């Protein structure tokens, strides 16, 4: 069981909207891990699209992430890559 | 050809409704109206011990709603990626713990029925979303609402019924359409979309764009104003709707659409080019807008700023007056987005026939109006209802430090009126200074030249303002004594009347003698038939609807200033509009044969 804490800076031009949130949920669901997010707008569990959206992660904002579980490192890498990409993949 | 190209504007005023362009294109067709769903549901407290049963009922509804989304998703074919993505996110949302767990908790803890619990959950989610500053993310609350609605329908058993197919192609009218709605209605029979709600990022707009169908969104009360079976023209380029159009108007619009499609490829070339003549004379081509959402198209069409922002929208969109803070946010964002280009904001132009019930003393004022065009309107209204005016001025001045904001005062008809208004502005500036609120004390203040007396006195007025903006729509109406809404005289409404041209010319001369800029912001500016004349008269800025800018720029870039001024001089010498039109037609055919050779106008 490992636990990884990191901070991602949102570079996506339109921030974290539905489609990005959906990808985050998918990443977490397909790996054996749980991810918690904390930002100015509050905290969110990375399994709930509405909680993620309600953090209002716009371009330039930062989010503190905590991944726990056997696959935490892979999840951490995938999510950080997604959030800090300059355009949506 | 030019008529079709750029003139879908001359429609009977009473029948033309304005909204937001959701997706480009023009169609004429019959409408099918979907009335908004009735609100309201039963709320009741549960019997003791019934909570777990109610939880099951709720979960079953969620499962059914989810299943209906999934089966729609499966039926769905084609490469409408944006639309599919929305359905996918709805599938995720329907199981979201903010909806499901929260509702289950409420059922158990408060012992209330599932509908009630769902509604409470929705309110709690709304509270969270309301705090979000980002418009795009905040507006996603519409998706949450939609998904909750699906679950509620399963609970109450009253599904939203759409006809499985229309016999003939139709324009669908409703509050807003979700992607699921549109899939259910079989879009091969849909000509276009027309909705009450929404902006450029609403569902309907996204879906319409991905389907390549025209859409006009945000047309107030449209579900009340038209009935199934009515014929309308839906102009997705300009966000306009024409109810009960004549055959001529229908022809004109379809031709305009054909032209537009042919030209649009070529036009996109001009978006990034400078607005100047062959011999290097530059002129600002800027945008007229009514709502902040249009900012996107202002930038898209390469406008050199905003020449006219009609600030009324903030006062008519809601039932209550906007606060200083509301207005400030809108003005600041707009000014900052376009900085360093100028953003010209016209102060409230209400009164006369444009009154809303929540404006101060509206009942009183309205009852007295026998002749709205000549009544208590515009700057006269603002000077009478000064609290309202001061709120707007404070918001404007506070935004003035964030870019280049210009304040435009409408309907000024005398020097005295101008001085009264400036006194109010001075007072507001003093207030702000005392409160220590920053603003630009050098904010440019200009007036609309739209009353004949202002034209005559332009030299005197020019000494006390920073710029003029000629509003030809009203100026023509007042100068020629023509009400465009009256079908018997509408044909006499004539922008090329020599009197109109001379008034414009006099105003420009008077302004330039005092060293101030003169712009023009009527519909004439965006008409490729009349624009050459205006270019030749020596205006500093032409302001028009954003989509017209590339057309006028193309014309400008194919002209020389020498030839344009010669044309203008010739027209000013004409005695009648039949002469001005003949001359102009000849000029256009000689100078732009590719565009105007088969010109049938005039």
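From the backbone N, Cα and C atoms, a Cβ is placed for every residue, glycine too.
Just so it is clear, the model here is predicted, and its values are computed rather than measured.
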TrEMBL annotation, phosphoenolpyruvate site containing B:310, B:346, B:473, B:474 - matching residue among B:332, B:484: B:484
DSSP state at residue B:473 (phosphoenolpyruvate binding site), helix/strand/coil: helix
In sequence order, the recorded positions (B:203, B:450, B:521) whose C-alpha falls within 10 A of residue B:473 (phosphoenolpyruvate binding site): B:450, B:521
Helix, strand or coil at residue B:203 (active site, tele-phosphohistidine intermediate) [DSSP, three-state]: helix
Fewest Cβ neighbours within 10 Å, where candidates are the binding-site residues B:346, B:484: B:484
B:450, B:474 as binding-site residues, winner by CB count within 10 A: B:450
Chain-internal residues, separated by at least six, CB under 8 A from residue B:310 (phosphoenolpyruvate binding site): B:288, B:289, B:290, B:346, B:349
Rounded Cα-Cα span from residue B:450 (Mg(2+) binding site) to residue B:484 (phosphoenolpyruvate binding site), Å: 15
